[in-house]
Structure formats: C-alpha cells, structure tokens
Amino acid sequence: MVYRFPYFQFSVVLVLCVSSKRKSTLCLSTRTTFNEVKERGKKMAGGGIVDPNSGARAHLYEYKITSYFILSCILGSLGGALFGYDLGVSGGVTSMDDFLKEFFPGVYRRKQESLHETNYCKYNNQLLTLFTSSLYIAALLSTFGASHVTRNKGRRISIICGSISFFAGAILNAAAQNIAMLIIGRILLGVGIGFGNQAVPLYLSEMAPAKVRGAVNQLFQLTTCVGILVANFVNYGIEKIHPWGWRLSLGLATVPAIAMFIGGIFLPETPNSLVEQGRLEEAREVLEKVRGTPKVDAEFADLIDASKAAKAIEDPFRNLLKRKNRPSLIIGGLGIPAFQQLTGMNSILFYAPVIFQSLGFGSSASLYSAAFTSGALVIATLISMAFVDKFGRRAFFLEAGVELFCCSVAIAITLALKFGEGTVLPKGIGIFLVIIICVFVLAYGRSWGPLGWLVPSELFPLETRSAGQSMVVCVNMFFTGVIAQGFLPALCYLKYGIFLLFAALILCMSFFIYFLLPETKQVPIEEIHLLWRNHWLWKRCCGPEENEQELTQKKGDLKV
C-alpha cells in the first residue's frame with residue numbers, strides 16, 4: 001500500500017477530529033496506488049523490487065476515515081503522553097531548589113557555591129541521576145512481561161496495566177518523604193512506560209489502514225512531544241510555588257494516566273489481536289466498524305492467514321536470530337533504537353533546565369527556555385508526519401544528521417571559548433545557545449525522534465513483529481537509562497567535550513543509515529523483505545535460510 005498524500009491525509013484526520021462529525025464519506029481506495037506499484041516492477045529506492053504477485057488481495061481493501069477510527073487512535077496514542085510528561089517533568093523538578101533542599105542538599109549547596117568550582121559539575125550526583133534513570137531501567141525489564149501480556153491478552157489490556165502502574169508511581173512520587181519512596185515511585189512509572197511503549201505503537205499500526213499507517217503511527221511521537229511541552233509549562237508555572245510546587249509537578253502525572261486508563265476501558269481491541277485469540281466473529285465486527293464498511297472480506301482473510309503464519313512460529317525471539325532476519329534485527333532491533341538515544345537529544349530533554357541553569361540562566365528562565373525547545377519538538381513532529389512519506393525515511397535521517405552534527409560542534413566550540421570556571425555566559429551567547437539547541441531539536445524531532453519508532457515497525461516480518469517490538473523497547477530503554485545515569489557525570493568530567501562525543505556518534509549513525517538502511521518509502525510492508533535481496537551488503541551475508549541449507553546439502557553430496 002502506498003501512502004502518496006501524507007499532508008492531505010493528516011489534515012483530514014485533524015479536521016474530522018476537531019469537528020467530531022459522523023462517519024466521513026471520504027473513501028480512500030487503495031486500488032490505484034497499489035496498481036502503480038505493480039506497474040513499476042522496478043527497483044525501489046535503496047535497491048528493493050516489488051513482487052506484483054505478492055499481497056494480491058491488498059488492492060481489494062476498502063475503508064473510510066471515520067470518527068470512530070480517529071477517536072480510537074487518539075485514545076490509543078495517549079500512552080505517549082505518559083512517556084513525554086515524565087521526560088519533561090523530571091528535568092524541571094531536579095533543577096528546583098525546594099526539591100534539591102529536601103532530597104539532595106549536597107547538590108543544592110554546590111549549586112549555590114558555583115563560583116568556587118566548575119559550573120559543569122553543579123549537578124553531578126549519582127543519586128540525583130538515579131532518580132531519573134531508575135524509571136528507564138524498570139521500563140527495560142518490564143517490556144518482556146508486557147510483550148507476553150500484549151501477545152496473549154491483547155493490546156488494550158497492556159495499555160490499561162500501564163496506566164494503573166503509572167498512576168501508582170505518580171502518587172508515590174508526589175507523596176515521597178525520602179529517596180527510597182522517590183525511587184520506588186520511579187520504578188512503578190517505568191513499568192507503566194514499559195507496557196505503554198510496547199502496546200501503543202503496535203495498537204496504532206494494527207488499527208490503521210496501510211495507506212495512512214505512517215502518519216497514524218507517529219501519533220505516538222506527537223503525544224510524547226505534547227506531553228514534554230505540557231510538563232515544561234507546568235514546571236515553569238509551579239516553580240514559583242514554595243515549598244511544595246515540585247510535588248504538584250510530579251503528582252499531575254496522574255492526569256495522563258487517568259486519561260489513558262479511561263481510554264483503555266472504552267478502546268476496541270485490534271482485529272489482529274482478536275483473531276490471534278480465536279474471537280473471529282468479534283474481530284470481524286470490530287474490523288467493519290473501524291473501516292467504516294462491511295466490505296472487509298479481503299483484509300479479514302489476510303488477518304486470518306497472517307495469524308496462522310505467526311502461530312506456526314514457536315519461539316519468535318529465537319526466530320529473530322535466523323539468517324534471513326538479521327537485517328531487521330541489526331537495523332530495526334539494535335541500531336536505530338540505540339542511536340536514537342545516542343544523538344544526545346534525551347540528555348537535553350532530561351536536563352534542559354539543568355543545562356540552562358549551568359549556562360547562567362536563572363531558574364525561571366531555564367524552565368521557560370526548556371518549554372521553548374519542547375515546543376520546537378512538537379512542530380518538528382508535525383513536519384515529519386506531513387512529509388516523511390513524500391521525501392522518504394533516508395532523506396530525513398541523513399539531512400537531519402548534518403544539522404545535528406553541526407549543532408553539536410557549535411555548542412561545544414561556544415562553551416569551550418566562553419564558558420569557564422564559575423563564569424556566567426553573556427546574554428547574547430546564551431541566546432545563541434538556545435537558538436542552536438532549538439535547531440538541534442527541530443532536526444531530531446523530524447528524523448530520529450519519530451522515525452526511531454516508525455522504521456523498526458516497518459522492518460520486522462509478521463512472525464517476529466511482537467518480539468521485534470520488545471527488542472526495540474528494550475534497547476531504547478537501556479540506552480535511555482545509560483544516558484540518564486551518565487550524562488551529568490560526563491558533563492562534569494568531559495565538560496564541552498561531551499557535545500563533541502555526541503557529534504562523533506551522530507556521524508557514525510549517519511553512515512550507518514547511508515550504508516545499511518534501504519529506502520522503505522512506498523514499499524508495502526509485506527514486501528520489505530525483498531529489499532534485503534537487492535542490497536549491496538545484506539544480499540551477500542544475510543540471504544534466505546533455504547539457500548544456506550541447500551549449499552550445505554550440496555557440500556555433503558560432494559564429499560560422498
């Protein structure tokens with residue numbers, strides 16, 4: 001299925017959502033675009049060939065953009081708001097004086113005595129960073145349990161479980177009287193995020209018609225960015241409430257958790273999950289309601305066939321290690337989710353207020369600047385949703401890589417020249433750094449941010465898709481936790497050099513994309529595996545398993 005007009009489709013979704021009208025009569029037939037792909041029959045960008053005989057029923061799919069479908073996707077995507085709100089609120093809280101006085105008095109004293117030591121080291125405290133990183137360690141471990149629940153009990157149940165755990169963690173953090181309560185609360189928040197990040201992208205992909213899957217899947221990133229933006233404005237307003245404003249910031253995390261829980265109760269289960277559970281009549285009913293038409297015979301038959309193929313795989317995680325699945329494992333399961341965090345973006349999101357205070361901004365000014373950068377992240381995500389299916393994944397990755405590299409080098413040079421021992425940056429230099437960080441955020445927000453979730457969801461074949469999503473979440477949370485735990489010590493010891501390190505990593509990940517990732521734009525998801533057969537590297541070292549077996553058999557015959 002080819003998604004040709006992303007900006008128009010996304011605009012239709014937003015207009016229908018705001019107006020809350022009844023079912024739209026706009027029927028987006030997939031016949032024309034699918035036939036165009038078949039007629040091309042040539043190499044796609046990145047070296048893929050589309051087989052005209054595969055997925056022959058896809059051109060028979062019919063659907064309408066209905067208010068029921070839009071509401072289901074919006075409610076389902078609220079899991080991203082949990083992740084985003086925590087990303088935004090934790091950095092703001094760790095820069096508030098009242099919070100530091102109560103739990104980290106040593107950090108507070110160093111903050112007040114900054115003229116006697118390097119400004120980079122004001123917030124270097126392992127317990128303080130553990131407050132942030134413990135959440136992501138818990139999310140890493142919980143994703144495997146979430147995978148089991150998502151696969152066997154359904155996507156909706158995982159979303160509900162995640163909201164309950166996140167709610168409990170928010171309450172415990174808001175009422176914390178010691179560091180132990182803070183850490184336990186963060187662990188519960190992490191479990192909630194582990195369940196949400198496992199189930200929500202999968203839910204959105206399965207509910208969406210293939211033609212708008214790219215934009216719909218990025219709703220997860222959009223709600224994440226909105227959550228970050230809201231959290232920064234909350235911190236900015238609450239920072240003036242003494243001495244308990246930080247408790248309100250942490251406690252307000254219950255709001256997206258409640259919204260996600262209510263949404264989970266009323267959400268329909270995905271037809272894919274219902275078919276996997278053997279509830280065929282209910283699956284057919286939900287599919288007709290989501291698609292807005294009773295003419296779903298072709299798609300329903302494909303769901304049943306896909307479910308049978310998936311059930312034939314006894315161990316999806318072991319299947320990931322097969323020769324034919326190595327490209328999707330290396331690129332989608334390991335490379336992209338790891339590099340998504342190694343851009344340095346989450347360091348800015350975690351500690352934006354801390355960074356700006358270290359650069360000489362006042363407490364309120366630092367929170368305001370952090371809110372400004374998170375607003376840029378929302379705008380960038382909307383740009384990505386509108387144009388990524390037009391310009392392609394590789395183009396966004398590579399173009400943004402140049403910007404990210406240049407911005408990291410510019411930040412490092414500026415700090416090396418103007419930011420010394422106990423020196424407050426001049427106002428002009430501070431504004432320049434805020435602008436550079438905003439450019440960095442805009443580049444990340446339309447590339448590695450949303451595509452870090454979208455591209456892996458495209459690369460895994462059906463039989464390993466759930467296991468692959470668990471691998472994506474696991475690797476993502478692992479490196480998120482490493483960055484959260486290690487950034488402030490690295491900032492202290494490497495000083496401006498930390499941004500040069502990120503620049504080197506950005507250069508490496510750009511080469512990774514250029515040489516290893518074929519273009520998946522306008523390639524039906526069922527045909528992604530054909531890209532590996534025509535890739536300069538993957539066709540040599542990761543060919544079909546059957547060819548390897550045949551070669552072994554021939555060698556045995558020759559010996560005989």
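Here, residue 1 is simply the first one shown, and the rest follow in order.
Including glycine, each Cβ sits where the backbone N, Cα and C put it.
Whatever TrEMBL says is automated annotation, not expert-curated.
If you take every residue in the domain 'Major facilitator superfamily (MFS) profile' (72-521) and average the pLDDT, you get 82. Under the heading domain 'Major facilitator superfamily (MFS) profile', TrEMBL lists 72-521.
The transmembrane segment annotation in TrEMBL covers 65-85 (among others).
The transmembrane segment annotation in TrEMBL covers 127-145 (among others).
Per TrEMBL, transmembrane segment is recorded for 157-176 (among others). Long-range contacts of the transmembrane segment (157-176) within its own chain (CB-CB distance under 8 A, at least 6 residues past either end) are made by residues 76, 79, 82, 103, 146, 149-150, 182, 184-196, 198-200, 203, 247-248, 250-254, 256-258, 260-261, 263-265, 267.
According to TrEMBL, the feature transmembrane segment maps to 182-204 (among others). For the transmembrane segment (182-204), the list of distant contacts is 73, 76-80, 82-83, 86, 103, 130-132, 134-143, 145-147, 149-150, 155-156, 158-159, 161-173, 176, 216-217, 219-220, 250, 253, 257, 260, 267, 270, 453, 457, 465-466, 469-470, 473, 476-477: same-chain residues at least six beyond its ends, Cβ to Cβ under 8 Å.
For 216-238 (among others), the entry in TrEMBL reads transmembrane segment.
Residues annotated as transmembrane segment in TrEMBL: 244-267 (among others).
Under the heading transmembrane segment, TrEMBL lists 328-355 (among others).
According to TrEMBL, the feature transmembrane segment maps to 367-388 (among others).
Counting residues 6+ beyond its ends, the transmembrane segment (395-417) has Cβ neighbours under 8 Å at 343-344, 359, 384, 388, 429, 432-433, 436-437, 439-440, 442-444, 446-448, 451, 495-497, 499-500, 502-503, 506-507, 509-510, 513-514, 517 in the same chain. Look at TrEMBL and you will find 395-417 (among others) tagged as transmembrane segment.
Positions annotated as transmembrane segment by TrEMBL: 429-449 (among others).
Annotation comment: TrEMBL describes 470-490 (among others) as transmembrane segment.
Sequence-distant neighbours of the transmembrane segment (496-517) (same chain, 6+ residues past either end, Cβ-Cβ under 8 Å): 46, 327, 330-331, 335, 339, 342-344, 347, 393-394, 397-398, 401-402, 404-405, 408-409, 411-413, 415-416, 419, 448, 455, 487, 490, 537-538. Residues or ranges marked as transmembrane segment by TrEMBL: 496-517 (among others).
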Can we call the transmembrane segment (127-145) and the transmembrane segment (470-490) in contact, meaning three or more C-beta pairs below 8 angstroms at a sequence separation of 6+?
yes
Long-range environment of the transmembrane segment (429-449) - Cβ separation under 8 angstroms, sequence gap at least 6
221, 225, 339-340, 343, 345, 348, 352, 356, 359-361, 369, 372-374, 376-381, 383-384, 388, 396-397, 399-401, 403-404, 407-408, 410-411, 414-415, 418, 509
So which residues does the transmembrane segment (244-267) touch in its own chain, when a touch means Cβ under 8 Å and the partner is 6 or more beyond its ends?
72, 75-76, 78-79, 81-82, 85-86, 89, 92-93, 96, 98-99, 156, 159-160, 162-164, 166-167, 169-171, 173-176, 185, 189, 192, 196, 203, 227, 231, 234-235, 238
By a Cβ-Cβ criterion of under 8 Å, what residues six or more beyond either terminus of the transmembrane segment (216-238) are in contact with it?
13, 73-74, 77-89, 92-93, 96, 200-201, 204-205, 207-208, 245-246, 248-249, 252, 256, 349, 352-353, 364, 367-368, 370-371, 374-375, 377-378, 380-382, 384-385, 388, 445, 449-450, 453-454, 457
